[in-house]
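Pulled from TrEMBL, these are the features on record:
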| type | residues | note |
| --- | --- | --- |
| DISULFID | Cys60-Cys124 | disulfide bond |
| DISULFID | Cys73-Cys134 | disulfide bond |
| DISULFID | Cys104-Cys114 | disulfide bond |
| DISULFID | Cys244-Cys254 | disulfide bond |
| DISULFID | Cys372-Cys382 | disulfide bond |
| DISULFID | Cys487-Cys497 | disulfide bond |
| DOMAIN | 34-135 | domain 'SRCR' |
| DOMAIN | 157-279 | domain 'SRCR' |
| DOMAIN | 303-401 | domain 'SRCR' |
| DOMAIN | 411-520 | domain 'SRCR' |
| SIGNAL | 1-23 | signal peptide |
Amino acid sequence: MLRPVAIHCLLSTLLCMWVLCNAQSPSGPPVIQLRLAGEKRKHYEGRVEVFYNGEWGTVCDDDFSITAAQVVCRELGFMNAESWSPSAKYGSGEGHIWLDNLHCTGGEKSLAECHSNGFGVSDCKHSEDVGVVCTQKRIPGFKFIQNQGLTVQVEDVRLRATYSQRKRIPITEGFLEVKYGGKWRQICNEEWTEKNSRVICGMYGFPGEKQHFVSYHFYLPTWELKFIMKQMFTKNFWGFSVNCTGNEADLSDCKIGREIKRKGNSTCEQGMPVVVSCVPGRAFAPSVSAGYRKAYRLEQPLVRLRGGAMIGEGRVEVLKNGEWGTVCDDNWNIRAATVVCRELGFGSAKEALTGARLGQGIGPVHMNEVECSGFEKSLTECYFNRDAGCSHEEDAAVRCNIPAMGFNKRLRLNGGRNPYEGRVEVLAEKNGSMVWGTVCSDSWGTMEAMVVCRQLGLGFASHAFQETWYWQGDGSTDAVVMSGVRCSGTELTMDQCLHHGKHILCPKGGGRFAAGVSCTQTAPDLVLSAQAVEQTTYLEDRPMYALQCAHEEHCLSSSADKADPSSYRRLLRFSSQIHNNGQSDFRPRAAHHSWIWHECHRHYHSMEVFTHYDLLTLNGTKVAEGHKASFCLEDTHCDEGIQKRYECANFGAQGITVGCWDTYRHDIDCQWIDITDLKPGDYIFQVVINPNYEVAESDYTNNIMRCRSRYDGQRIWTYNCYIGETITLEGP
């Protein structure tokens, strides 16, 4: 029989064991922190890493599911998950594999609430680290600035304009404020650095920051200085400092610095509110003086963007040895993309795009496996591998942060069936007040529509309309407030296009004849094979009696009108292969019912002018010409894995599928230039696709091909053919 003392000791031992067990296995899930790491190209994707027990570790892909990915993304502040990837797609992590065999229902607020083997219990290797891709849209009021073991939720960030900047566009200078606890709070500049300012400027679309200086506040108006002084003795300052290295693309990538503790009545005892002052890129800089313009002296760019719908986005192309080429997407990441964006006068990168997301380029692939520190002045200063081994299916692209210019506040579409189409209406000054009105449709075309869609952030133009009676807008806005609009297609806003100004001239008036557009997120991109032209060029002498149909279609020079039927015409023949490198199919603007039938050749023309063929003197004077109507736009052959969609037989649909070629052989009518009257000499042979811009494309600069040609009266040589605006003028 146990004595009372022994019973007491036994109960004490059991109680201690119970307390110890409960201390080791708390009833609630442990507090963890998540991040997306690894070889990622976007801020919303990456390897899933968990901070637990003072160390970062990974998650195994065994039993992982889209439901678990959704829990991860929501815990990180994103609305949802798009996908997840096994087998260390974003690179192998280090340290512990904290979680394995995860099973989530989708309702968990933290990944720690999901059922698993337990923290640190895993039979996986880091080659099985899981990754996720979240949606770009964030949960409102959910931004992170984090440090190891510490996460602070910041609801929003803004740059509140200083007094001198309040009426300027863009705002380049302001007080940095964070929304925390439902209130906007300023940041104390006690530990603020220029590297922090560099990150903030990049977020707001500016390539650089002005030198940080504390004494700025003494140049403020007295009332604003008093306001700041009052805030210094309130609780309106955020309680943390920020620690950026300067190469981050976003403030959320920076670390939390030390906590700034309140001392007495002051929250920023030794400093003032942070003021960030940024330097705008050339495209957004105010043209206030010759001195300012001198600071932006134009030089030959080494990097450019092509194929993007918006300003600040596109396929990355690099100039090397006089030839433009692309960048392979191997190791392409947000840091390298940010170097490109800053180099071109934009802010930091929003996205580093891969897989030719903004269309395939042409020419060589100049750079591969690019590695940047983030502080380079040019992408060409980054380390890269010259042995590309890549195809244009791997072309890298970027989307950059640009300043808030308010472009879309002065233009709108009205009456359309969806937000991407409608009658174009402009906010203009009339009789001393700002009113909405329409745009005259005289000379309205694809280039003007491209500018409208870009200004509104709606992508590329799909169609330009000169009649909009079927889009019923507000009758009070029928009056024409803008006429004579002519755009080159590169302008950022309609205001930058040529137009009549205040002197409106529109004989047809507005209303049903107001200009309209429809926009689309993708567009085709036609590119001619220069090699095919160069290899197939030859001369043929053909009798006039065999050219009657071609003569009817105006494929011969004007001297043929008076030529004897038994005479001969000298024709410069060649084949053309046209590839669609874009993101959507190339389709004729005209519908089936409006195609034109040509009895002589017995076929329809879906586009009256599809290509121009010209011979020019070396100073650019046209001496011979030809043109080709698109009597048959079809997929002659396609890249591997792509199905043909367009065939002309039996009055079928015409077009060129993405990744397919349309070939016009050298032996068909009108596939020539009539050079019967040409004198011997040196010339430039030029081919232009879609010359009247009837169909919108993502890039018109690659629609032109030029070659050098030498004609001795009997023979012709064609050499040094190039796509684009460059041409080599050396002889053979």
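Just so you know, the numbers here start at 1 and follow the chain as drawn.
Here the Cβ of each residue, glycine as well, is placed from N, Cα and C on the backbone.
Overlay of TrEMBL feature records on the structure.
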{"residue": "Cys73", "record": "disulfide bond", "Cβ within 10 Å": "26"}
{"residue": "Cys114", "record": "disulfide bond", "Cβ within 10 Å": "19"}
{"residue": "Cys124", "record": "disulfide bond", "Cβ within 10 Å": "18"}
{"residue": "Cys134", "record": "disulfide bond", "Cβ within 10 Å": "26"}
{"residue": "Cys244", "record": "disulfide bond", "Cβ within 10 Å": "22"}
{"residue": "Cys254", "record": "disulfide bond", "Cβ within 10 Å": "20"}
{"residue": "Cys372", "record": "disulfide bond", "Cβ within 10 Å": "22"}
{"residue": "Cys382", "record": "disulfide bond", "Cβ within 10 Å": "17"}
{"residue": "Cys487", "record": "disulfide bond", "Cβ within 10 Å": "21"}
{"residue": "Cys497", "record": "disulfide bond", "Cβ within 10 Å": "19"}
- Task: Find the one among the disulfide-bonded residues Cys244, Cys254, Cys382, Cys497 whose C-alpha lies closest to that of Cys73 (disulfide bond).
- Result: Cys254
- Which of Cys60, Cys104 has the fewest nearby Cβ atoms, counting only those within 10 Å, among these disulfide-bonded residues? Cys104
- Message: Per DSSP, what is the helix/strand/coil residue tally across the domain 'SRCR' (303-401)?
- Response: 16 helix, 38 strand, 45 coil
- Rounded to the nearest Å - Cα separation of Cys134 (disulfide bond) and Cys104 (disulfide bond): 17
- Specify the nearest of the disulfide-bonded residues Cys60, Cys104, Cys124, Cys487 to Cys382 (disulfide bond), where nearness means the distance between Cα atoms. Cys60
- Query: Nearest to Cys60 (disulfide bond) by Cα, among Cys114, Cys244, Cys254, Cys372, Cys497 (disulfide-bonded residues)?
  - Reply: Cys114
- Message: Measuring Cα to Cα, how many Å separate Cys487 (disulfide bond) from Cys244 (disulfide bond)?
- Response: 42
- Message: Averaged over the domain 'SRCR' (157-279), what pLDDT does the predicted model reach?
- Response: 77
- Distance, Cys372 (disulfide bond) to Cys497 (disulfide bond) (CA atoms, angstrom): 38
